[in-house]
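*Asks:* Relevant sequence annotations retrieved from Swiss-Prot are reproduced here:
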| type | residues | note |
| --- | --- | --- |
| ACT_SITE | S171 | active site, nucleophile |
| BINDING | A60, G61, F62, D63, K64, T84, N137, N168, K213, S241, G264, G293, Y314, S315 | FMN binding site |
| BINDING | K64, N109, R110, M111, G112, F113, N168, N173, N242, T243 | substrate binding site |
Amino acid sequence: MSFFRCIGRSALFMLDPEHAHRLAIMGLKSGLNSYQKVVDNRLCVTIAGLKFENFIGLAAGFDKNAEVVNDVFHLGFGFTEIGTVTPRPQVGNPKPRLFRLRKDEAIINRMGFNNDGRQIVYGRLHGYKRLGIVGINIGANKDTVDKIDDYITSIAYFYDVADYFTVNISSPNTPGLRDLQVRDSLHLLMNAISQARNEQKKKHGFFVPIFLKIAPDLSEKELDDVAEEMKLSDFDGLIVSNTTLSRQGLRECTLRNEEGGLSGRPLFERSTIVLAKMRQKLGKKIAIIGVGGIRDAKTALEKVKAGADLVQLYSGMVYEGPDLAITILKEILQFMQKDGVESIKAYRDQRVEYWAKHMLSS
């Protein structure tokens with residue numbers, strides 16, 4: 001029985017959310033996990049030159065500082081993403097800054113990129129034999145003068161230890177960060193990052209893919225702009241989406257007005273609509289990772305049907321337990337058996353039109 005099951009969700013929920021998260025990290029470090037991984041070639045996906053053991057990843061935010069890189073693979077994930085990591089250490093926003101909306105199975109956070117900084121994180125990754133694909137989610141310091149410089153220097157800093165990079169310009173908790181999604185700024189940023197990657201490719205002799213992570217709160221016109229810039233750039237894929245500022249449909253009255261980004265069950269519909277719209281705009285070749293509101297096999301599969309090559313989750317694990325990825329994979333294999341499907345890739349795009357026709361609410 002796992003450390004988490006021994007403690008129990010109800011007991012963890014009695015703790016402050018950040019204390020509970022710290023306890024989860026400590027539990028993973030202790031190695032008290034007994035999950036049987038699901039290994040099946042039908043779940044494998046290859047994108048951007050990387051072969052993923054399965055299509056479910058752990059989203060950024062859980063292992064911010066690369067403390068449990070290998071341990072999370074014992075929870076069944078096919079890949080993990082650490083961070084967000086900034087150039088300099090950052091304490092983040094004042095506490096309390098993390099809130100559970102239990103009625104909605106949601107989380108509001110205004111963490112503010114709290115992390116140990118890239119020097120310490122690099123030290124944890126360098127020379128470390130990893131059990132799977134590890135992405136590094138990079139961001140800008142809150143007080144930085146030149147945000148673009150923070151990204152391009154982090155590309156250089158982490159290049160030899162990253163399997164892929166995620167450029168996070170969509171967190172709502174760093175002032176001015178989402179402004180980088182505006183087309184002129186986005187164009188400058190993506191060009192600068194592409195140039196930095198090309199320089200590192202020449203220096204190291206190998207290629208590291210780059211993904212752009214966007215917000216779910218963009219307008220149709222802004223999504224068009226992102227799509228056009230993606231087509232013009234040599235970025236390898238898109239991650240849809242980060243947390244939302246919307247509070248539409250929440251049942252929780254007390255905490256709904258807390259500032260910060262909302263994740264969990266209520267984000268599923270909005271993020272899936274944006275995912276499908278971006279698949280339509282980008283075409284079939286550019287890779288997309290779907291994130292937001294995944295809590296079971298049906299929601300994970302729906303992301304794939306809406307156009308995702310891979311999916312990520314985090315908040316769902318808070319409510320459903322640490323074995324969520326394994327549970328999903330087992331049920332997906334049952335779906336595939338029932339549907340006569342030989343690969344998870346066969347489901348991709350089956351419901352793009354259905355989701356893309358939905359209007360984005362304000």
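Every residue, even glycine, has its Cβ placed from backbone N, Cα and C.
Surface or core, plus neighbours and distances: that's what I need for these features.
*Replies:* DSSP gives S171 (active site, nucleophile) a coil state; it is part of no helix or strand. Under 8 Å, Cβ to Cβ, and six or more positions away along its own chain, S171 (active site, nucleophile) finds T84, F113, G139, L177, R178, N242, T243, G261.
Cβ neighbour count for A60 (FMN binding site) (all protein chains, 10 Å cutoff from its Cβ): 27.
Sequence-distant neighbours of N168 (substrate binding site) (same chain, six or more apart, CB under 8 Å from its CB) are A60, G83, T84, N137, I138, G139, L177, K213, N242, listed in sequence order.
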*Asks:* Looking at Cβ-Cβ distances, which residues of the chain lie under 8 angstroms from K64 (FMN binding site) while being 6 or more apart from it?
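*Replies:* Looking at Cβ-Cβ distances below 8 Å from K64 (FMN binding site), excluding near sequence neighbours, one finds I82, G83, T84, V85, N114, N115, D116.
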*Asks:* When a 10 Å sphere is centred on the Cβ of F62 (FMN binding site), how many other Cβ atoms does it contain?
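*Replies:* Cβ-Cβ neighbours of F62 (FMN binding site) within 10 Å number 22.
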*Asks:* Let me know the largest Cα to Cα distance in Å among the FMN-binding residues A60, G61, F62, D63, K64, T84, N137, N168, K213, S241, G264, G293, Y314, S315, as an integer.
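*Replies:* Result: 20 Å between the two most distant Cα atoms.
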*Asks:* Under 8 Å Cβ to Cβ from Y314 (FMN binding site), same chain, six or more residues apart: give me those in sequence order, or none if nothing qualifies.
*Replies:* L58, A59, A60, G61, F62, S263
*Asks:* Of all the binding-site residues given, R110, K213, which residue's CB has the most CB neighbours within 10 A?
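*Replies:* Counting every other Cβ within 10 Å of each candidate, the maximum falls on K213.
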*Asks:* Determine, for the substrate site, the additional residues of the same chain whose CB lies within 8 Å of the mean position of the CB atoms of K64, N109, R110, M111, G112, F113, N168, N173, N242, T243; present them in sequence order.
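*Replies:* My list of surrounding residues reads G61, T84, G92, S171, P172, T174, G260, G261.
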*Asks:* At the level of the C-alpha atoms, what whole-angstrom distance separates G112 (substrate binding site) and G264 (FMN binding site)?
*Replies:* 18
